[in-house]
Amino acid sequence: MCGIFGYIGKKEAVPFIIEGLRKLEYRGYDSSGVATLENNKLFVSKCVGKIANLENLLKQKPIGGQIGVGHTRWATHGKPSSENSHPHEDCQGKIVVVHNGIIENYLELRRELADKGHKFSSATDTEVLAHLIEECYKDNLLKAVAQALCLVRGSYALAVISEHEPDKIIVARHGSPLIIGFGNDECFISSDIPAMLKYTDKIIQLDNEEVGELTIDQFTAFDLDVNKIEKEIELISWDPESAEKGGYAHFMLKEIHEQPNAVRKTIEGRVRAEDHKVHFDELNLTDEEINKVNRVVFTACGTSWHAGLVGEYLFEQFAKIPTEVEYAAEFRYRHPVIDENTLVIAITQSGETADTLGAVWEAKAQHAKVISICNVVGSSIARESHGVVYTNAGPEIGVASTKAFTTQLTVIYLLAIIFGKRKGTISNSEATKLINDLIEIPGKLEQTLYREEEIKKIAQKIYKANNALYLGRGKGFPIALEGALKLKEVSYVHAEGYPAAEMKHGPIALIDKNMPVVILALSGRRYEKILGNIEEVRARGGLVIAIACEGDETIKECADEIIYIPHTSVPLSPILAVVPLQLLAYYIAVKRGCHVDQPRNLAKSVTVE
Ligand code: AGP
């Protein structure tokens, strides 16, 4: 996820753009840049690091002009570097582009353009767009952009300025948001509403496969065939504070709701069901290296460690490779017995967790192959790993990890398919079915989020409880742990996740009418056993909140509260089942008046041991 901001008006563009990029920094902050037009000439300034670095660069070498576009980057293709920063230019330096999204067919387009003589200066997918527009340009910039986008597969929010037509900004959108704002003798473009709210509450939101031409006093929208489209101006009533969160009360809630799109982004450009293809550009593992792997060790902390627990089930089920999960802090100091045939998979949202970084160093010292599953491109753990798979979830601001977790599970699921196919333990047809099941998950996540009001009501019933027990079996057990962690960290309620079968070996002594018990009662071969656990809890007066599959009538006879999730295959059920637990923790915390996004004593990334 990246941030785009643009200005066209009667004042200097750069101050507006810098302020807009600052407000968009949550969308990405590994590099940034600005391009302006002055006296029909283009000027570009860009650098790695935070917006502050760009501001310093502009103080040393100012660029002027009353039209400009800016970008703050969340690297997906090409590491954070000055040459990979946006804006990107065409060969002649007469067209510049800023882009948020992923161009899936950028490699084939790049090859075709290079064959026509185009020279590239970056490793990004976005630069291909600048050269493609140059290739299509004859005498109309908007038509050239529309024509270029007809050749593109993927997602984009795009802004283009050019010396060819120096009085306008061309914008386009498919899959990534782009908003146009209308001030007094000035207009703005932005990736989100908050960044422009200070200047205007009159906006137009581009829809998918729309392009637009913005001048100082006019905006015209078209479809990709350049047929004019009428757009209505909307009035925004948000206050600036709530607007930062896209209208949500907290980043945590926003990021819970971002999960359908986040999982879509994780999958985008990496799977093709028709030929059972799964591919990660940056994995950097040859087939031979995969064949050598005779053991997998997941290592992580916190929520990411829970993702590793699900990974243990998936790798052993799909790839029949002995797999274990280690707390990073334990793994790094216990002299693990691993070797060059062990694959260590570090899971980390931030890519900066000190213990996980230490575990990576220990694994490398023992000559293991190390890959990381990470959400921050170019982070320390990503750089230290032999290969990396990025979750592409976009920045996660809330301390409680939500979309990072479901996108980690998505990556692990795909990795298990890759290993299963390579090891010959799953057939091509099985792989195709597994991929098709995954492709349905974003839509099923959206359906799961429709239960929000029901979950909020349950939270309001149990928010005063000072303890809670979360129980699950099989792949439901890691989700029980994750649900308990969510409740602990945002609401300060003592909650414990436990294997449901272990309840009789101790925790059942805790159960009374004051103990809500959340149970993952998902369909599968352990379902009948779970019903038995529910009866044991009810017999001792515990309040049972069951997470069950839609259509399950049996559960109605034994649970006090039921939260249904859509049917999916058992291996994918954790991705759906965790969402009600995230929402339950969130609404309990809100009801208890806790600081949801920055809970006491916690940090978003634990960069100390
Ligand atoms: C999860 O909600 C917590 N914020 C915490 O457990 C987190 O998962 C853990 O600190 C690991 O962080 P990482 O994924 O960035 O390595």
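Note that Cβ sites are derived from N, Cα and C of the backbone, with glycine treated the same way.
What you see is a predicted model, and the numbers here were worked out from it, not measured in a lab.
According to TrEMBL:
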- CYS2: active site, nucleophile (ACT_SITE)
- LYS604: active site, for Fru-6P isomerization activity (ACT_SITE)
- 2-217: domain 'Glutamine amidotransferase type-2' (DOMAIN)
- 286-425: domain 'SIS' (DOMAIN)
- 458-599: domain 'SIS' (DOMAIN)
**Study point:** Cα-to-Cα gap, CYS2 (active site, nucleophile) vs the residue listed as 'active site, for Fru-6P isomerization activity', nearest whole Å
**Key:** 20
**Study point:** Where CYS2 (active site, nucleophile) falls in three-state DSSP terms
**Key:** coil
Check your understanding: For the residue listed as 'active site, for Fru-6P isomerization activity', what is the secondary structure by DSSP, using just helix, strand and coil?
Key -> coil
Exercise for review: For the domain 'SIS' (458-599), provide the mean pLDDT of the predicted model.
Suggested key: 95
Review point. Per DSSP, how many helix, strand and coil residues does the domain 'SIS' (286-425) have?
Key: 66 helix, 28 strand, 46 coil
